[in-house]
Amino acid sequence: MEDPWQKAYDFAVAVARKAGEIRKAGESEIRVMTKSSTVDLVTKTDERVEKIIISSLKEEFGEDAHCFIGEESVAKGEPCVLSDKPTWIIDPVDGTTNFVHGFPFVAVSIAFAVNKEVEFGVVYSCLEDKMYKARKGKGAFCDDEPIQVSDMKDINKSIIISEHGTDRSPEKVTKIFSTMQKILCIPVHGLRGSGTAATNMCLVATGAVEAFFEIGIHCWDIAAGVIIVKEAGGILLDVDGGPFDLMSRRMVSANNELIAKRIIKEIEIFPVGRDDAPAEK
Ligand SMILES: O=P([O-])([O-])O[C@@H]1[C@@H](O)[C@H](O)[C@@H](O)[C@H](O)[C@@H]1O
Ligand SMILES: [Mg+2]
């Protein structure tokens, strides 16, 4: 039987690389704007790269063949609803704050979901020039090398990634840093954060770290990373230990359940609105 999504997967890899090159060209004149807060940055490059990705996909597969969830389209009012229809979930510049500051971790993240299940994901880590990718049931790769999560089961010998996000409300910041302090003092070998969720997920998938968790990320930040972590042998859970929900803006990705459940014990949960929550009137 013909493989229905191989062509889309191969095309997504090519588009991600092209998008990375367009992003690089945008470095020369970065025009910074803000979204939900003064520290939630977006640039004209983010918007331009997303437009080019979406128009390339529409040109290749047909104007109305697929649905799209793009970070910057949603920011401009497009709906963020994951239906059963084939849907591209796109973060054109993951690590925008890094991009603005020249901090060397920026990624293009492109995922493709069918029946609400991520079929494949591509994360192009631009500055490293590494293409992370995975298809459901077919393994995870960095460039063309297979990747595998860490086999570490001892939390005391683990590195954990978390991010503080863009919400600066005191009650949330307190919970974020209290959680980080409790995890650091388990103790673990270290806490890290690249500033881009997509890259953080790939670091779990390659075994460079044992886990990455965050409350407040968006589906476009992690959709590609989800399938890359799973196909590298990792697991995804909600921050309360329940089943992972791509649209919930809460996520624990880890090399195994032992590590995941140990850090979940320390996470101080705070409420965040779902990605697919009805738009406020
Ligand atoms: O906005 P962006 O650079 O695409 O995505 C970023 C995420 O990748 C990161 O995990 C999060 O902590 C940042 O607040 C920001 O949301
Ligand atoms: Mg992002």
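Heads up, the Cβ atoms here are built off N, Cα and C, so glycines get one too.
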According to TrEMBL, which candidate in ASP167, ASP221, ASP238, ASP240 joins GLU71, ASP91, ASP94 at the Mg(2+) site: ASP221
ASP94 (Mg(2+) binding site), number of other Cβ atoms within 10 Å: 34
Check: same-chain CB within 8 A of Mg(2+) site center, minus GLU71, ASP91, ASP94, ASP221: ILE90, PRO92, VAL93, ALA107, SER109, THR196, ALA197, ALA198, HIS218, TRP220
Least Cβ-crowded entry, counting other Cβ within 10 Å, from the binding-site residues listed as GLU71, ASP91: GLU71
Listed in sequence order, residues with CB under 8 A of ASP221 (Mg(2+) binding site) and six or more positions away: GLU71, ASP91, ASP94, SER109, THR196, ALA197, ALA198
Mapped DSSP class for ASP91 (Mg(2+) binding site), helix or strand or coil: strand
